[in-house]
Amino acid sequence: MHPILNIAIRVARKCGNILIQYYDRNKTNNEKQILKKDFITKIIFVLEKTMIDMIHKSYPEHSIITYHKNNKIFKNTEIIWLINALDGIKNFENNLPHFCISIAIIVRKTTQISVIYDPIRNELFTSVKGQGSQLNGYRMRCKSTNTLKRSLVGLVYPCNNSKFQNYFFTIINLLFSHEVKLRCTGCISLDCAYVAMGRLDYLFNGNLIPLLFSSGSLQIKESGGLISDLNGGHDYVSSGIILIGNPKLMRVILVKIRELFQNNLK
């Protein structure tokens, strides 16, 4: 096993155990909302400190960027850890058992290692660039679905993307016309992992946050999936819109989207 991957897995599992303990306490926490917010803030602080301490114990020269507190610890720009201590925070806050810990390791500006850990289901998704994606040690591949009809589609609403909202419901109607089943899970990292291992056929994300997506994107690519914007290009980081699926299904969807908007997408 890659030595950095081994440390990333240890970090994810350790924080997963902490999350479970807090989750059990949160289920019996009936305090007022403001006190609950303080409780969540404390959890994030504990998790991020644990992750940073564990990483720097093994790799003191590595840089770290955290999502929730936006901590940026720059020591070595060659290797950067992007850590999201709790992806699916709203689910956690409302006792919905669908959240995870997400880690991406960037080496010379390229994502080389990804770890996504779901402590509720004890599912560990790992990827190493050029070596594939795995779930609990078993190889993952995207589904080979080549039709939209009755497919299962993950969906992220474009709440911060007013430009895309003009297209959103039109595309949703297109999906409904093919009898697709939509799932809005509230956890983008697990959405990506689920496409990578075939639980979801396709993911339609109109609210891309690059720091949240780095780990999931490697899982997708290493399981044979494709990522594109609405035009079939790779401008999804600047546009904030991503389409994810296997190559056959992606071709079908992109053709239908082009027909729908008559090549007027910008």
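Note that Cβ sites are derived from N, Cα and C of the backbone, with glycine treated the same way.
Note that this is a predicted model, so its numbers are computed, not measured.
Record features (Swiss-Prot):
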BINDING   L86, D87, G88, I89  substrate binding site
Other CB atoms, at most 10 A from the CB of I89 (substrate binding site): 18
Long-range same-chain neighbours of L86 (substrate binding site), Cβ under 8 Å, sequence gap at least 6? L19, I43, I44, L47, H68, F92, F99, I101
Near the substrate site, what residues other than L86, D87, G88, I89 in the same chain have a C-beta no further than 8 Å from the centroid of the listed C-beta atoms? N84, A85, K90, N91, F92, F99, C100, C187
